[in-house]
């Protein structure tokens, strides 16, 4: 072993066991997969004694439902112009194919197939539940077209696959385009996507929403998953950060009226806190094997600290939604009663059921019991808890006296149980802030001083030790000394470099695309400090203000939507092309000189060209489109198509004698679907491909066998002839 190299203790132990003659662990990889046994005695005993169901009959229904697989649900992205057209295609073409495929899968007459269910409580009929599991869709050949549709439209940002109950918290948060929104535990990002959709709900009123969504998560790796999920919506009003939510720092903002720096307070905050997740048993059956009460006891304190910090950052009159995918009152009602009591009247639970009409749920529990990890001892008060458990079971976990509980209004919470509407389990509570909290932290002066120090860092005199060598200072962090907290790991992010007033590239971009004056050029940014910019991004004014004021105060993972991309071509006079991702935003600022209106047949022709080296000639287009092309110089442009139901804007490229659409494969399929074009060219049947690959492999093996046999025959002939000689 190399000197200084640490020995792996697990490998050493394994070698020792082998040397001692211990029997090898059997290799079970070749054995068939065993279905998880959906049973846990402690789980059943604990929830039965909590009386989460009204009677024994309902309890039986609850147990039967939670042991079944979860149906698939999806929702249509509501703020996009073509959403209604896509919804019509889903209701007609997709669901017709769905009925045919399910009938074939289950060998039933089409009349007996249960139709997809429109979720009655989701606005505008934009969400559907399919009576199929994820496994059914992924592994059944008759459903391959449905599977392809869900993958393509999700990637294109037109739909989102999301558990039904997970859609509830953003709905009851009631986000408006002007709201400053914080998602404290945002990853993997399905709820964040909903918040962004709500922010962009009035495009005719706001080109770019005045509000924003700040999405945060403590896990660095999950932050990138969050970025991937949210980026499908291409919003310039999103900022993704990586920080511990329970110690989230106060952020600075610039007051528009006075230009003074103030502490940012949010209008809406979503606290979808980490939890034991036993409401997701239908989706994650492995929880059956590892569920125990210790998880809830360990998480109670974390959940309280997160919601407390959220309440501190909430503006007076603002709304906070607390949610978990757990059924346990220790993680739900116990946390809420504690924060409401500690607020001393500053926070109030409110009823938000009118925002989800038709949703079936139970009210919050006013009484519950605690137990040991194995649920073999039950406690109704802290006095009954043995001293050795005092560090695990805390007094705040028990329900308050009935008189105090009645004043809190805990029954306004919503408990969604699986059997009520064939869904997962979930808990949601809505809190509004009536006045500032007594324990709110106001560190504006400290934040301003730190900002000044970063702008003008003072160089302290070097301190020398006895030998005359400089003494190294202790490692410091921008937000100053603090108690030991969870260490945040992850990649070092590239800087956020905003355009200056006299940026060298902006003037050429402005002239080529005839950008109007409403575009704030200082909101354009790059992620590198070189003069030769590769990608140029755009973010809204409030997001720019947040980044500039707080870049040293919190780790920023991502912001901005790609708007311009360097694309140097010997035939064009301008080095930057438009990016399809940012067209939703930049389209409002671009003049008429780089636009061309195309007909349906022309657009289908352009989209069906999948080889970028052989774009369609302008001579193949309709005479009207050819005439428009003559007026357009070489370079990036916007293709406009007007339909009765919607208008499409697509990035194109005008070549010297050609025109092409500059969109990726999934966006191409999405647009062709809206145009009612033939999609067979793009339809992939992975099962047929697998069969073809298997047949080709078998043919290759047979050919190799024949060749080997022929070689053997030739060798035998040679031997026979040599023997005769």
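Residue 1 is the first one shown; counting continues down the chain.
Placement of Cβ uses the backbone N, Cα and C atoms for every residue, glycine included.
Copied over from TrEMBL, here are the features:
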type	residues	note
BINDING	185, 186, 187, 188, 189, 190, 191, 217, 244, 272	S-adenosyl-L-methionine binding site
COMPBIAS	466-476	compositional bias 'Basic and acidic residues'
COMPBIAS	714-725	compositional bias 'Acidic residues'
DOMAIN	62-434	domain 'SAM-dependent MTase RsmB/NOP-type'
REGION	1-32	region 'Disordered'
REGION	455-480	region 'Disordered'
REGION	705-725	region 'Disordered'
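Shown here: features listed in TrEMBL, placed on the structure.
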| residue | record | contacts (Cβ under 8 Å, 6+ apart) |
| --- | --- | --- |
| 185 | S-adenosyl-L-methionine binding site | 216, 217, 218, 245, 271, 272, 273, 274, 306 |
| 187 | S-adenosyl-L-methionine binding site | 217, 219, 222, 223, 225, 226 |
| 189 | S-adenosyl-L-methionine binding site | 215, 225, 226, 227, 228, 229, 230 |
| 191 | S-adenosyl-L-methionine binding site | 166, 167, 169, 170, 183, 270, 272 |
Exercise. Hey, what's the widest CA-to-CA gap across 185, 186, 187, 188, 189, 190, 191, 217, 244, 272, the S-adenosyl-L-methionine contacts in the record, in Å?
Worked result: 20
Seminar exercise, completed: What DSSP reports for the region 'Disordered' (705-725) is 20 helix, 0 strand, 1 coil
Exercise. What mean pLDDT score does the domain 'SAM-dependent MTase RsmB/NOP-type' (62-434) have in the model?
Worked result: 94
